[in-house]
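Copied over from TrEMBL, here are the features:
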SIGNAL    1-23  signal peptide
BINDING   Asp92, His199, Thr201  Mg(2+) binding site
BINDING   Asp92, Asp358, His362, Asp401, His402, His481  Zn(2+) 2 binding site
ACT_SITE  Ser136  active site, phosphoserine intermediate
BINDING   Glu353  Zn(2+) 1 binding site
Amino acid sequence: MGLICVLLVITVSVHITVDGVIANPLSNFVTVPNLGPTHPMDNPDWVPPTAPTREKDREYWLTSGQARLRRQLELNEQNINVAINVIIFLGDGLSIPTLAATRMYMGGEELELSFETFPHTGLAKTYCINYQVSDSACTAAAILTGVKNNYGTIGVSGHVPLRNCPLSLQESNRLTSILKYAQEDGRSTGIVTNTRITHATPAVAYAVSGARYWEDDTELPPGCVDIATQLVHGDIGTNLTVALGGGSRHFYPTGTLDRNGEPGRRTDGRNLVDEWINDAVARELRAQFVHDRTGLMAIQPELVDRLFGLFSGNHMSYRMLADAQREPSLQEMTIKALEILRRNDRGYVLLVEGGRIDHAHHDNLAKLALDETVELHRAVESAVRQLDESVQETLVLVTADHSHTFTIGGYPVRGNDILSTRDFSRFDRMPFFTLAYANGPSYADHFYENGGRRNPDDMRDRFHDPDFTYPAAVPYEDETHGGDDVAVFAKGPWAHIFSGLYEQHVIGHGLLFAACLGPDTFHQSDACRERLRGGTATPIRGLAQLLAMLMVIVYIRTKTLLLV
């Protein structure tokens with residue numbers, strides 16, 4: 001009986017007040033005594049926030065709505081030309097919440113990123129065939145080859161498990177990227193990234209590997225070829241017109257330094273940069289290797305047939321933290337690549353990866369993730385402006401490979417600093433950040449070991465530091481990707497086919513269809529049938545017209561001679 005009484009006392013005590021706060025299952029998180037209302041709406045004198053003056057008037061919304069409707073009608077005219085040029089912008093980890101938060105980071109909820117103005121938008125499902133939440137390797141395969149595959153594998157079918165070298169060598173298991181089809185069609189190809197150029201996303205464009213981790217020979221099983229070697233000597237890599245990014249360590253041997261003084265890590269003693277230069281000389285190509293921004297900006301496009309640039313031993317720096325005099329921006333690399341690629345009248349395919357969005361999210365560094373998204377926005381904006389008269393024959397597609405566990409939450413007022421706090425928790429009587437993650441390494445930065453949150457008010461002087469981490473609900477060594485759908489934005493020939501919700505590999509098929517690339521068995525448009533392999537339909541049509549005119553002249557002269 002005594003034990004029952006004790007239990008009753010304990011049970012009742014859970015529901016009494018502690019420091020004036022009604023206790024509940026979350027009461028152990030109460031760290032601040034009740035000194036009055038904490039949430040603004042709990043204050044009897046609370047005044048609701050006010051909207052921008054112009055937005056209070058219904059005419060603003062009616063007028064802006066009609067204006068946007070007219071724009072939609074104008075933009076949705078279908079362009080069914082052949083996509084002679086294709087530019088694929090891939091924001092690694094560019095989730096939909098990242099897009100929304102970046103608009104606020106740039107200055108307003110109502111703003112639009114450059115690619116958000118594109119006329120056609122869709123949603124892509126991002127899972128790998130063996131994982132609900134994907135990585136960058138299997139998603140890049142879907143986008144660049146039109147085939148979904150296993151987590152972590154590069155350019156091979158789902159019959160190849162991760163780290164299986166023998167099966168990756170079988171021809172029946174090897175996938176073909178859009179860059180290979182473009183090269184076979186006589187078009188120029190290029191890759192631009194601010195990650196290691198041997199990293200998962202760019203690697204899928206030119207390499208085949210049983211594992212994304214085989215960037216050099218240090219972990220490579222016997223019989224397989226590492227990714228860096230495939231960039232220099234592979235059938236796609238050796239024919240790339242432009243390759244720009246980081247990751248020089250995978251091209252230089254141990255015991256040596258690259259041209260920026262960073263150590264190599266190859267154990268086979270090979271200097272792949274020298275091999276690339278020597279190969280270009282042997283093929284009598286005007287080739288240039290660059291290792292810094294000065295060298296890149298000095299390139300004269302009309303004097304270069306091949307361009308290779310490695311600007312960092314590892315990934316390139318976050319733009320906010322980079323030495324802008326040494327490392328070029330994503331925008332600068334993209335424009336330089338286009339200046340060279342556009343010299344080919346046959347056309348080109350360019351892959352541009354804004355890869356450091358992903359890395360910032362993995363470390364719960366929200367500000368850097370948003371700032372890297374701004375970098376992608378600038379690169380797209382400049383590229384579209386660069387197109388000029390080729391805009392009607394250039395398909396520009398912007399998408400992400402996967403999302404992250406990044407969220408925008410609470411009820412912050414309009415115009416609130418997206419990097420700050422605004423809403424309050426009535427349980428622990430502290431504000432909380434609008435931005436947060438479901439998991440990641442920052443857990444200990446925001447929670448005490450014995451439970452309860454650290455007070456964000458004590459962090460106010462650090463909110464805007466690039467290395468400030470945002471709260472993660474679950475401790476994890478590296479914040480994970482998210483499994484939700486990602487946005488697809490398209491502009492140019494056949495952009496309308498990228499509308500709707502579809503499996504991610506459909507993007508790859510849409511790109512091939514629009515550009516008249518891929519096997520002859522693939523579906524082709526009428527415009528594709530007019531564009532012959534190895535040349536355009538225009539010269540053939542002109543020759544036919546000339547022959548017809550000659551036949552008419554011969555006929556007239558013959559009739560004239562007969563009459564005489």
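Glycine residues also receive a Cβ, built from the backbone N, Cα and C atoms like all the rest.
All TrEMBL annotations are machine predictions without curation.
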Other same-chain residues whose Cβ falls within 8 Å of the Cβ centroid of Asp92, His199, Thr201, the recorded Mg(2+) site, in sequence order: Leu90, Ser136, Ala140, Thr193, Thr195, Ala200, Pro202, Glu353, Gly355, Asp358, Asp401
Quick one: of His199, His362, which of the binding-site residues has the smallest count of other CB atoms within 10 A? His362
Spatial neighbours of Asp358 (Zn(2+) 2 binding site) among the binding-site residues Asp92, His199, Thr201, defined as Cα within 10 A: which are they? Asp92
Just checking the recorded positions Asp92, Ser136, His199, Thr201: which sit within 10 A of Asp401 (Zn(2+) 2 binding site), CA to CA? Asp92, Ser136, Thr201
Within a 10 Å radius around the Cβ, which one of these binding-site residues has the most neighbouring Cβ atoms: His402, His481? His402
Those recorded positions, out of Asp92, Ser136, His199, that come within 10 angstroms of His402 (Zn(2+) 2 binding site) at the Cα: Asp92, Ser136
